[in-house]
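For reference, TrEMBL has these:
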DOMAIN    226-366  domain 'Peptidase S54 rhomboid'
TRANSMEM  183-203  transmembrane segment
TRANSMEM  228-255  transmembrane segment
TRANSMEM  267-287  transmembrane segment
TRANSMEM  293-312  transmembrane segment
TRANSMEM  324-342  transmembrane segment
TRANSMEM  348-369  transmembrane segment
Amino acid sequence: MDFFKLHQVMHENLYSSVKTNLHQISVYYRKFGPQIDVAVLMDCQKGEEYTKEQLEIINKKIINIFRDEEDNTLPIEYDRQNTDVDILYMVAADDALSMRQKLPQNIKYWLIDGIKHRLLIFDDQPSEFGLFDEEFTTDNPWIKPRPLKKQIKNAVEFEDNPLEDAEKVEVIIPVRRKVSFPVINVMIILINIGIFALLEYLGNTTESDFMLSHGAMYPPYVLMEHRYYLLFTSMFVHFGIDHMLNNMFILYFIGDILERTYGKIKFLMIYILGGIGGNVISLYAAYKSGENAVSGGASGAIFSVIGALLYVTIINKGKIRELSVLRMTFMIALSLLIGFTSDGVDNVAHLGGLLCGIILAAVLCRPLGNKKYDNTKERLKL
């Protein structure tokens, strides 16, 4: 197929080109407001194919053009650390499915069937590209977003096509994802259930005196007797079966999403550090107010996970399918409302955990698909 119309689409949408020494690879970019969209056109039809290793090297070189602060390839200046760079590969190949196996796993791409002239979009890839940031279009209403998918699709299918018109459609191919089992989240839930069952066997988990002697937090014990370990142990003791079941039910769903999305280590750090942080803030509030109460439960840690999910939902702009900013905001508001209208709830620990979760996510979590690579001396020759 002829790439001329694809290049024409890029120029019509105000994309600038970066010259490369590989005639079958064209790099286009467009900067509007706080984002840069990068489209990489690759002709991998017969005679122009690459190995998987070569494609990984090419990908790193392209990323460095837009991420490496020492690279002066682009004629524009911008904050390379904080600007959102969104890169999409449009790869034409005669055997598109075989080409998919060669592509690096960490890139976003659309495939173009060079034989049948069809745009192939797998359902684990973005369904659109080139849309402006919502805040940017609000501030600049004269700029109208033009979805790129339809234009690329039209350019691909414009040529004489042996297929019937009914078959000249975009093909969205479902894929079977390898989803890792949320081991840490399940282990935390089982530990909480196990500890609750043990405490119920030993005594009554609804009695403050019993819980006080089995890991619950009490400000004078921490501040005067220096039992700092209570900041940790209190995260795993619950007052009654309803308290425990409610917390574990919520954790099962939200913990699953965060662990699957950002991995076991980051999830565990957000859960543990956020829970301890929420307890520290609660302890400080008790010290300032002089009100001492026996407290315990996983709520502070759970709110830390919720805060982290709110943050990653915002920075990923809808790429996490299960979540939306509106849904997360509603969930947080409802949870806090229930807490403030109920008796015996440590709302300060909830708010503290929420704040800690947001801070921890800001430190630990990056936007999906925008991984920062180590700088390398390799460059695309201009």
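Numbers run from 1 along the shown chain.
Even glycines carry a Cβ here, placed using N, Cα and C.
A TrEMBL annotation is a machine prediction, not a hand-curated record.
On a predicted model such as this, the values are computed, not experimentally measured, just so you know.
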Discussion item. Quick test of the contact rule: Cβ under 8 Å, at least six residues beyond the ends. What residues does that give for the transmembrane segment (267-287)?
Written reply: 182, 184-185, 188, 217, 219, 222-223, 231-232, 234-235, 255, 258-259, 293, 295, 298-301, 303-305, 307-308, 346, 348-357, 360-361, 364
Worksheet, complete the sentence: Long-range Cβ contacts under 8 Å made by the transmembrane segment (183-203), restricted to residues 6 or more beyond its ends, are 210-211, 214, 236-238, 241, 244, 247-248, 251-252, 255-256, 259, 264, 267-268, 271, 298
Worksheet entry | Reported mean pLDDT - the domain 'Peptidase S54 rhomboid' (226-366) | 88
